[in-house]
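Visitor: Can you read through this structure? Questions will come right after.
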């Protein structure tokens with residue numbers, strides 16, 4: 001039984017892979033395409049923490065690393081979200097998804113395009129991921145687990 005619970009929200013623009021990530025973490029199986037119409041919430045037990053992840057809005061922010069045309073829009077959405085008082089100082093994990101596609105933006109480029117270095121009031125981390133294979137997802141949760149362990 002997990003020793004601690006954490007409520008985590010997962011957000012990102014449409015088509016970034018949020019639902020595939022959520023199902024990959026919960027079911028440990030590959031789901032190639034799901035259209036999210038309704039509300040999703042899953043509980044994932046990981047390293048003695050029970051994460052409840054809500055697929056409606058975050059602080060796991062998913063970016064499509066292959067979509068250079070919408071990275072500016074993603075940055076604007078992230079900045080708007082982080083302005084909410086509910087998210088002040090909350091650790092931010094960015095999943096730079098779709099890293100299996102050639103010539104995508106790497107984590108350094110995504111960090112720059114999202115303006116993350118200006119976030120001096122919170123801990124943040126960008127993790128390269130591939131939702132369909134699961135690559136990078138556990139590494140991101142490791143970072144988030146460590147952040148949550150250090151809160152108390």
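Using the three backbone atoms N, Cα and C, a Cβ is placed for every residue, glycine included.
Here TrEMBL flags 12, 13, 14, 15, 16, 17, 18, 19, 58, 97, 98, 99, 100 as GTP binding site. Annotation source TrEMBL lists Mg(2+) binding site at 19, 36.
Could you place these features in context, so I can see how deep they sit and what lies close by?
Guide: For residue 14 (GTP binding site), the count of additional Cβ atoms within 10 Å of its Cβ stands at 9 [all protein chains shown]. Secondary structure at residue 14 (GTP binding site), as computed by DSSP, is coil.
Residue 19 (Mg(2+) binding site) carries a helical DSSP state (H, G or I). All chains included, 18 other C-beta atoms sit within 10 angstroms of the C-beta of residue 19 (Mg(2+) binding site).
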